[in-house]
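Record features (Swiss-Prot):
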ACT_SITE  E184  active site, proton acceptor
BINDING   D46, D85, E117  Mg(2+) binding site
BINDING   D46, S47, D85, K115  3-methyl-2-oxobutanoate binding site
Amino acid sequence: MPTVNSVRRAGNTDEETDPVTMLTAYDAPTASVVDDAGVDMILVGDSVGNAKLGYDTTLPVSVDEIASATGAVARATADAVVVADMPFLSFGADETESVRNAGRMLKEEDADAVKLESGPHTVSLTETLTSLGIPVMAHLGLTPQHVNQLGGYFRQGTDQDSAERMLDLARDHEAAGAFALVLEHVPANVAADITDAIDIPTIGIGAGPDTDGQVLVISDVIGMSERSPPFSKQFGDVNREMAAAVDDYVDAVESGSFPAAEHSHVADDVDDVY
């Protein structure tokens, strides 16, 4: 059974460990399937905004929406480490509010850890949260909450200066107590160098094969996204299966073949009702 500490040890290059697996989930049925499959960590991502709630970006996602999804996932998860994503502006502006919002995910919704889209502004907050017993997963590279500042969903760390700044931030967050680091949309060689330079595990998404683990959005994996990023891979086609099932249902109702006798109950002790 994975724990925050066992995940942290996966970044120790002196130990032979399997790559860390992480997927997103936002509801109990999905979390149950992911957990039963043996995935190490479940991220209740703010990607729920795009994947489930109909938002164009992750920016509108609220603390209440993440909290509700986190509780549902945690109730359905027996083994995986549940990580709650901290949504846009739920942290960083005020330390007291940041601690309260992060603590809520553990205290009320039974998460095991929180994830912060990270930068220079989250180093001291990471130290504060971990000192209070709230495990923190850092996140560098493409940080979708900064899409307006970045001008789009572009690869990060593509020049020497930005790659070295990313490495410095990775080291700073490790020193502040982060137990793992997500690297998103980062050149594979940069991600490999950062992975070699720090002891906590790196979890890649669009960051090549040499990180300590991988994470993807569940809707991309199962084929339920209208658009997937180029670094993702579709392992199923749930959209096609769902569309076929719904078509069959409509046909069955319209043709009168559903519900059939086996789907109905007759009360033998009830006479005709007038």
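The backbone N, Cα and C atoms fix where each Cβ goes, and this holds for glycine too.
Location within the structure of each feature annotated in Swiss-Prot.
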residue : record                               : Cβ within 10 Å
D46     : Mg(2+) binding site                  : 31
S47     : 3-methyl-2-oxobutanoate binding site : 22
D85     : Mg(2+) binding site                  : 28
K115    : 3-methyl-2-oxobutanoate binding site : 27
E117    : Mg(2+) binding site                  : 24
E184    : active site, proton acceptor         : 23
Beyond the site residues D46, S47, D85, K115: chain residues whose C-beta lies within 8 Å of the centroid, for 3-methyl-2-oxobutanoate: T24, L43, V44, G45, V48, T58, V61, I66, A84, M86, P87, E117
Span of the 3-methyl-2-oxobutanoate site, taken as the largest CA to CA distance across D46, S47, D85, K115 (Å, rounded to a whole number): 13
C-alpha spacing of D85 (Mg(2+) binding site) relative to K115 (3-methyl-2-oxobutanoate binding site), in angstrom: 5
Residue pair E117 (Mg(2+) binding site), E184 (active site, proton acceptor) - Cα distance, angstrom, rounded: 10
Rounded to the nearest Å - Cα separation of S47 (3-methyl-2-oxobutanoate binding site) and the residue listed as 'active site, proton acceptor': 13
Where S47 (3-methyl-2-oxobutanoate binding site) sits in the secondary structure, as DSSP reduces it to three classes: coil
Euclidean distance between Cα atoms of D46 (Mg(2+) binding site) and E184 (active site, proton acceptor), Å: 14
